[in-house]
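**Student:** The following feature annotations were taken from TrEMBL:
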| type | residues | note |
| --- | --- | --- |
| TRANSMEM | B:48-69 | transmembrane segment |
| TRANSMEM | B:76-95 | transmembrane segment |
| TRANSMEM | B:101-123 | transmembrane segment |
| TRANSMEM | B:130-149 | transmembrane segment |
| TRANSMEM | B:169-197 | transmembrane segment |
| TRANSMEM | B:228-246 | transmembrane segment |
| TRANSMEM | B:258-276 | transmembrane segment |
| TRANSMEM | B:283-302 | transmembrane segment |
| TRANSMEM | B:308-326 | transmembrane segment |
Ligand SMILES: Nc1ncnc2c1ncn2[C@@H]1O[C@H](COP(=O)(O)OP(=O)(O)OP(=O)(O)O)[C@@H](O)[C@H]1O
Ligand SMILES: [Mg+2]
């Protein structure tokens, strides 16, 4: 008799996807893709924007129906016609685009569809809240389950999504870019949760564009390119460079930051003593033409608030803003755009895109004036031409420029936002998390683009939660903490200096 | 391991509907005080009862509308559905001579069925609610005329039918309080709807659908079925409205109905329910319906011409919603 090594500890295959096809009008999103998942492993799924990662996972979670191929769970072929049927098979998913009900509370969101009930369809609100609180305790996250989701920041909303996925007690947990909006502490917490689930035998599919995370957390890596399966490798003995090469199928040039001499340059933007409530406290800095000023800080440090204040999206209580030396009052975003200030929001879905419009219209939105005649008639030909040039330049993966933006992959939507502001040709550009959800290849292109824009005399602010990114692009680095500007460092500063400033609380000196 | 401390993250102040209700309630009180000072005839028991009686039909319809509006939809068929329900009650009671209770069942059943049909158009056939219910509005209007041959049906042969709305159960128990049954029914319906919204799964999905329908679907909820259930419930409530109006007029008037849906929607909006969906309360809707009734009654007591009453009502809607916008706008 064979000695069973297949007992408890051994890895059993939970999921097997074979030859999955998925066709959308004009796009073959998946072409005979294979994938498998073992119990107790973290399996990273990698690929450029639009490679088909989210689509493959939507097939596995009952959102999309594959046009070909089959899905086996525990070795048995299954059909997953609805999200519910996938849940019943023990498959949970955190979608790339947050899927929360803003007007409901945290706990109500987590238990939607599975509310604890009393008789007559009555809800057991007390149990609902208590159960949600227990999940957050397990995650080691402070969260009041009664808070309405609409009042949470994106990072906090992401935490709710994670809690919701955990609540299913799934055997298969899919995480589609869960860390895109999280800071380092939160990511560490998430990884602790992932490791614990893995040790309990849960199979985890992990999608991310952050290369260092793949190294830290994953056991195996499957790479996709252009809707096809490339290879599956062990994470431990495959160099990151090789994974990237498989993803992009070409070389990526790394350009080191060259800090230009800006002593003679004109000052484009001066912010003097700007304050608002508890969010912004006496902020002063200036920005020269041709300069890239990075803003580092923890989530909630006030960087986005500052950007929105400069852009006129939020009022300021005190202080002055000068553009090219002239004091200005910026009453609204349209005012800001007229004065040559552009802002790329961190929340592209809410503020950055008209999801129902096509790519061309979105790119042209802030600059319709230049693509229409005096009667207000839009010159579609001209607009289409420039839109296509930006599609090429940023490698936006779309079948044509008349595709609705909501049908693009997450990363490609982000590129459309960037294209839109590039076309508007503002003097002062504020990029808030410009590479969120963007693949390595496109990231390198965006960094190069930022450098080019600076060379052409644009004044640029880049807000990023990823320190390596701030270091990579900035000529100077401003650091914020709790609404204050705690310091401005020269480009190429050491990471520790930035972290010290980012955690420098009021009244205390940095350790 | 340290807990993630994100409490420093800025958190916009909680903008509940509590403020809005307060605002609406304050306006109601202000209107009542204003009219009382302007005319001694306003604040009389008989006049207050008249106002409440006048609120009952519009209030019930507005409660039905509130449910749909919270899902992010709209229902334009409310007014003509009310009439069609009254007509079906007439068919059952007067033409078939069935006992009173069957008339009640006919009204509510017809309403629920029609709501289910609207719900199917919206949820299953993905017709936008505005269009689907616009179609239903005309279909029901036509059906009422067809069924009755454009002639009213009277309830003279059904003794006690008019008591459904005009009798006073409360006045019978407590002689000092001659609250008409129509008003009692309004408050019972309001209590029931408020309970559904705040305590039951159906209510939870009503808000959830209005908040983010795609998210509801992705959570594995059978969104279409629940939406149809909400439309059916709303229709049943409108059926009660049909019963009330038939009882008040002691007849089913097939030509009546058009315009009632807009009054109902106005009450909902004045009560602070968001047309964008996801937010709203029954209490707010009740106050909204009361404001409209007080206004109409007060202007009449002050002998303002009816033409002007309409103009003022329109103005009030704009002011109410603008006040809400102002409050929301400032953070
Ligand atoms: N519903 C849809 N209709 C049409 N095209 C779609 C639809 N969903 C996805 N696509 C297309 O399918 C391709 C794969 O998209 P998918 O979202 O799976 O990419 P991804 O690998 O997740 O990319 P990212 O890293 O940017 O999130 C893209 O070209 C996208 O435009
Ligand atoms: Mg994706």
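Using N, Cα and C of the backbone, Cβ positions are placed for all residues, glycine too.
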**Student:** Considering pairs 6 or more residues apart, do the transmembrane segment (B:258-276) and the transmembrane segment (B:169-197) have at least three CB pairs under 8 Å?
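**Tutor:** Counting Cβ pairs under 8 Å (6 or more apart in sequence), the transmembrane segment (B:258-276) does not reach the transmembrane segment (B:169-197), since there are fewer than 3.
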**Student:** Would the transmembrane segment (B:130-149) count as touching the transmembrane segment (B:48-69), if touching means at least three Cβ pairs under 8 Å and pairs must be 6 or more apart in sequence?
**Tutor:** no
**Student:** Mind checking which residues reach the transmembrane segment (B:283-302)? Cβ under 8 Å, same chain, six or more beyond either end.
**Tutor:** 17, 20-21, 24-25, 27-28, 31-32, 34-35, 38-39, 41-42, 47, 50-52, 54-55, 58-59, 62-63, 65-66, 186, 190, 194, 263, 266-273, 308-309, 312-313, 316, 320
**Student:** Residue list, the transmembrane segment (B:228-246) vs rest of chain: Cβ under 8 Å, 6 or more residues beyond ends.
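**Tutor:** Tertiary neighbours of the transmembrane segment (B:228-246) are 56-57, 60-61, 63-65, 67-68, 71, 73, 75, 78, 81-86, 89-90, 103-104, 107-116, 118-120, 122-124, 155, 161, 164-165, 182, 185, 189, 193, 196, 202, 205-206, 209, 252, 256.
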**Student:** I'd like to know if the transmembrane segment (B:101-123) touches the transmembrane segment (B:48-69) in this structure, counting it as a touch only when three or more C-beta pairs sit under 8 Å and are separated by 6 or more positions.
**Tutor:** no
